[in-house]
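Following: one structure in structure tokens, then a few remarks.
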Amino acid sequence: MKIYRVGGSVRDELLGLPVKDQDYVVVGATPEEMVRLGYRPVGKDFPVFLHPETHEQYALARTERKIARGYKGFEVYAAPGVTLQEDLARRDLTINAMARDEAGDIVDPFGGIADLQAGILRHIGPAFVEDPVRVLRVARFAARFGFQIAPETLELMKEIVHTGETEALVPERVWQEIAHGLMESHPSRMFYVLRECGALARILPEVDALFGVPQPAHAHPEIDTGIHVMMVIDHAASKQYPLEVRFAGLTHDLGKGTTSPDEWPRHIGHEARSVELVMGLCERIRVPGESRDLALLVARFHGDVHRALELRPATIADMLQATDAYRKKARFQAFLQACASDFHGRPGFADKPYPQKEHLSRALQVAVDVDAGAIAMQLNQSHAGKADLPMRINRQVYAARVERISSLLSHL
């Protein structure tokens, strides 16, 4: 029985990056032996065990054989006779197929170290095409490390897309990989790779449709809507904004992809169209509620936020109400972060001031200080009829908030 540390932890260690999760492969053991040694079985599809003390994962060496479409269509074979090299050979990329033995020596049968040094993402063998998730993973690694994709690997990615394997991806896995990619330091790289191999048009056609759609040059020097959206998510990443903000940045302009070419470069009404497309995309790939809800708000209101300095107090109060800012203050700040990223995501705009963000934050601050409870109590004591009391309370609270915002703006 021999134990090897494998995969991402070995890769990251060689790159000088922090090592998070550590995975191990056990060669020459049976499930019964592992249990006798105190390991706890947890794997459903293949033998995986948790270490009795560290609780890290230890998997028996295994091979896989494709028997059906999709990333779950594999038959797994695990036995004491499976070698380390056979186990490593089933992995996706050379940089992920290295191991470190108990003496600390590196086992690198496929040239992973050389590819790390050269900054290359290269597949191991022809079995790469059997798992469509690998298209998403390679794109994500490109965003993480900034590595180039080997030409032959890119060709196999195109083959996976062409054969329709990506259609078999379950929605939850698509979202999982997209979310991971958005959280990388340069998320745009993931989407450019997906577009280059044809996968973006299959899994996120609404985003793919943005490329080649022009915008007014005076407001968008980058012209291309797809490029703009990529700049938006990269700006959000540079500010280390959370996933919800980055996803909202990715989807805020989806409606521009449906503008008739006769109307280019203007996109009148694209906000309403964006809302509809965001909802459909979120339903299709099972986007969690927090990311979906923020994306819908940003799609609908980002134009109003950009015009915030010109808005009347009542219009600002209406926006605060419509975005549920009084109850969800943290989400409203994320909303403003996404709108600011939209502004900054243009050539030459990264360091320009965006006073709208502070303007609306201060408006919320003064409006939220209105004591709705005191207003309700006063009306309850002075108003004989109770039938329309809730409506009267809402009107008074709204009026008080508008007055507070108006007072604020008069002093700016």
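Cβ atoms are placed via backbone N, Cα and C, with glycine included.
Record features (Swiss-Prot):
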BINDING   GLY8, ARG11, ARG91, ARG137, ARG140  CTP binding site
BINDING   GLY8, ARG11, ARG91, ARG137, ARG140  ATP binding site
BINDING   ASP21, ASP23  Mg(2+) binding site
DOMAIN    225-326  domain 'HD'
Shell list (ATP; ref centroid = CB of GLY8, ARG11, ARG91, ARG137, ARG140; cutoff 8 A): GLY7, ASP92, LEU93, ILE95, ASN96, PHE141
Protein Cβ atoms within 10 Å of ASP23 (Mg(2+) binding site), excluding its own: 16
Per-state residue totals over the domain 'HD' (225-326) - DSSP helix, strand, coil: 78 helix, 0 strand, 24 coil
Binding-site residues listed as ARG11, ARG91, ARG137, ARG140, least Cβ neighbours within 10 Å: ARG137
Spatial neighbours of ASP21 (Mg(2+) binding site) that are distant in sequence (at least 6 apart) but have CB under 8 A: GLY8, SER9, GLU56
Integer Å distance between the CA atoms belonging to ASP23 (Mg(2+) binding site) and ARG137 (CTP binding site): 18
Cβ-Cβ neighbours of GLY8 (CTP binding site) (radius 10 Å): 17
